[in-house]
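Right, one structure below, let's go through it.
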Amino acid sequence: MTDIMIDIKLADGKITTHKSGVNGLEIAGSISKSLAKKALAIMINNKLCDLTDIITSDATVKIITIDDDEGLEIIRHDTAHVLAQAIKELYPEAKIAIGPNIKDGFYYDIDSPHHISIEELDKIEAQMWHIIKRGDKFIKQFVDKKSAIEFFSSKKENYKVEIIKDLSENDNISIYQQGNFYDLCRGPHGQSTSYLKAFKLTKISGAYWRGNSKNQMLQRIYGTAWRNYEELNKYLTLIKEAEQRDHRNIGQQMGLFHFQESAPGVTFWHPNGWAIFKTLVQYMRYKQREYGYLEISTPEIMEQILWEQSGHWEKFSENMFTAHSHDEQHKNYVIKPMNCPGGIQVFNHLGSVSYRDLPIKFSEFGKVYRYEPSGALHGLMRARGFTQDDAHSFCTEEQIQEEVMQMCKMVFLVYEECGFKDIIVKIADRPEKRIGDNEIWDKSEKALSNGLNEIGIPYVWNHGEGAFYGPKIEFHLRDALGRDWQMGTIQVDFNMTNRLNAFYIGKDGQKKHPVMIHRAIFGSLERFIAIMIEHYAGWLPLWLAPLQVVIITVNNHDNVIQYAKEIFKKMFSVGIRVKIDFVNETVSYKIRKNTMSKVPLIITIGEKEVAEQMISLRDNLNTSNENNKSNENNDFSINNLNKKINDLNHDHNINSKSNYYFTLEDMFSKYNFTIK
């Protein structure tokens, strides 16, 4: 019988011929023995597969090695399985749940009668190295649903059984074996554990099974894995720096906010933190006025029927908080998770709107609430209640491109003025769960790409990640540690104005539904503040610092206190966030205390300053800079202070041309000192 031959197109474009039924390892070996040794997996027609998977028809393939991004993901997945195997060998009574990859690493959820402590991670790592040195091979086998349930039931792995029961009867279920350990997994995996060279278990936390607080609390063990120790150590150094910059710790240190169990995921703002929040709101208000936005405010609680009409209830109800009235009508209400339906209600009550009136642009600092599992909450970064700087432009189809271009310019300006220069732009297109037909989605996606192309902003596609009601431009910021944060969005929406019956009168005198463009720059103000805190390690730009100046008295002599109060009064009167530190402690203690609180400018007043009518100014924004370790105070007369202050202004990323920003020069030149 003649063998059936198939064509295999390699990553370099070369086409080779093989027998039908060839697998990835055989293809790698036909290229070179060294590639076969390095191979971890194979990409078959853009699908990641095991090297042992067979190919029966013509295909395009790529051999995946440790050097590929996909190879690194496989290494992390393999390491997660080794972690689970080590747990089972050390704690036989433990039950394993799930162990997926996450950004830069992996975790595994464990249900163990023995509470695993952080001190035991070294012991678990040692067991993992023992497994790796054994070089256990990853072996895949397929079974039907019934057999899979029987197999894991016999091992008393009830979490695996629960997962399997949710699968289709027709699913071909894959089980991976390494040594005496078996796990339910889709794969793929590498050839053996011997490929794993560098990993570290990092922390332990609690997590409810399937994110539901009604389920069992599990122990989640986190880890990271890399190609080699050089990459691992670089990452661990980055993590250490990130921990030092953690906004939750710095927020406590600066007295900005707190969280408590009685309001999980919702922020209690303290005066210093609220000062940052209000300053960002004022800044954005100024910018939005420049771009023609009209600020509105809409209710935080609206009837459920509105959310059904908008489409949110069908697609988003599991993330909504609801309320019920106790009157005779017993109506159901939703605590708003988004601001857009409320904005449409305002548009609908404007009266007759002509095409000549468009675009109409509303902005709103709207507080929204969305359910997040308790295990997912993370300070200001991941909350249940947060404030969005939402804006909605109602326009014609012909105006979309110009509106998108103007919004993009505004987004870039704001980020740059906040100190972010490295901005990555993506277009997130239609998701699987969506409203509207494909023709509308085609229009929307084209409008976004055309706008970016017109102003020359490079972008990449983020397929399937759009909102359910429209595609969006995503703006990702890269911070001081090289981490990327998805922040602002611009979304073109042809659907919601139709669903909520918004219309304008067109040139032909007929009613038409406007296009609605959603825009957020900060996104969540809470999250943006957290990112700013971590980006600047708490040393926020002077205009944003919650406490900008502290006046320290060297002693409590009447003349020193009087002079300090005079300076305080004149600074406070022009809106500077300032206080006097009268505490009866040494100057060095007070400087250290206020420096720990990230106060940018410290003025020291003693007998010398009073006698010479001078101000001793310490610029902590310079001393916090790694490139400028000088921490000496500088003495200034009022006559030459303005120049120094103006220099500081430019050093600290304050746009002195903006009417919004006050300058440090303003801080002093407006005091009307009568000092020579």
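The backbone N, Cα and C atoms fix where each Cβ goes, glycine too.
Automated prediction, rather than curation, is the source of TrEMBL annotations.
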- prompt: In TrEMBL, the residues Cys340, His392 are said to bind Zn(2+). Which of His189, His518, His535 is said to bind at that same site?
  reply: His518
Message: Just to confirm: which same-chain residues, 6+ apart in sequence, have a Cβ under 8 Å from the Cβ of Cys340 (Zn(2+) binding site)?
response: Ser310, Asp390, His392, Asp493, Met496, Met516, His518
- request: State the count of C-beta atoms found within 10 angstroms of the C-beta of His518 (Zn(2+) binding site), not counting that atom itself.
  value: 23
Query: Between 0 and 100, where does the mean pLDDT of the domain 'Aminoacyl-transfer RNA synthetases class-II family profile' (233-541) sit?
result: 93
Residue counts (helix, strand, coil, in that order) that DSSP gives for the domain 'TGS' (4-65): 14 helix, 30 strand, 18 coil
Task: For His392 (Zn(2+) binding site), just count the other CB atoms lying within 10 A of its CB, please.
output: 28
Task: Other than Cys340, His392, His518, which residues of the same chain sit close to Zn(2+)? List them in sequence order, counting a residue when its Cβ is within 8 Å of the Cβ centroid of the site.
output: Met338, Asn339, Gly343, Ile344, Asp390, Ala391, Gln491, Asp493, Met496, Met516, Ile517, Arg519
